[in-house]
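A.B. asks: I'd like to ask you about the structure that follows.
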Amino acid sequence: MKLTIKPIRVLSPQDKIDLKKIWPEQDAQEWEVLLAGDQKLFVAQFNDRLLAAVKVTLNSSTGILEDFCVREVTRRRGVGSYLLEQVKAAFPEINRWEWRLNHFPDIHAPALSGFMAACDFRYDAQKNDYYCE
């Protein structure tokens, strides 16, 4: 099967199981609230399983990425960069992307720094986030 990037509008029972592996500190109720609001949830799916996810908020010409996470067993295989690339391509009208580091564990900061540089994002120390224009 092919890696597929898609928005999720309704969570299946399997989606909830997979998202719990991606975001163990969050619960299904949080995701349901997100889907009922203005945010979007994009996932990377392979063999009917979710491997990565990101929450996306759009504000006129700015896109905000939050809680971007690839399951640890799947990292370093291009899943994250493909997810990011496809989310950006889905919204060509967005000319600035911000990657919020809320709740991001410091232990992963060195790996994230390299990933962000490879994806043409720059770090903004004042906001403590990454951005791409």
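Residue numbering: from 1, along the chain as shown.
Just so it is clear, glycine is given a Cβ too, placed from its N, Cα and C backbone atoms.
Reproduced below are the annotations present in TrEMBL:
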type    : residues                                              : note
BINDING : F68, C69, V70, T74, R75, R76, R77, G78, V79, G80, S81 : CoA binding site
DOMAIN  : 6-133                                                 : domain 'N-acetyltransferase'
A.B. asks: What average pLDDT is reported by the model for the domain 'N-acetyltransferase' (6-133)?
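C.D. replies: PLDDT averaged over the stretch: 88.
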A.B. asks: Minimum Cβ neighbour count within 10 Å among the binding-site residues V70, V79: which residue?
C.D. replies: V79
A.B. asks: List, in sequence order, the residues of the same chain other than F68, C69, V70, T74, R75, R76, R77, G78, V79, G80, S81 whose Cβ lies within 8 Å of the centroid of the Cβ atoms of the recorded CoA site.
C.D. replies: A44, L51, A52, R71, Y82, L83
A.B. asks: Which number gives the other C-beta atoms within 10 angstroms of the C-beta of F68 (CoA binding site), all protein chains shown included?
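C.D. replies: Taking every protein chain into account, the count is 23.
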A.B. asks: Greatest CA-CA distance (Å) over the residues F68, C69, V70, T74, R75, R76, R77, G78, V79, G80, S81 that the record ties to CoA?
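C.D. replies: Farthest-apart Cα atoms in F68, C69, V70, T74, R75, R76, R77, G78, V79, G80, S81 are separated by 16 Å.
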A.B. asks: Just name the winner among R75, R77 (the binding-site residues) by count of other CB atoms within 10 A of its CB.
C.D. replies: R75
A.B. asks: What three-state secondary structure does DSSP assign to S81 (CoA binding site)?
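C.D. replies: Assignment for S81 (CoA binding site) reads helix.
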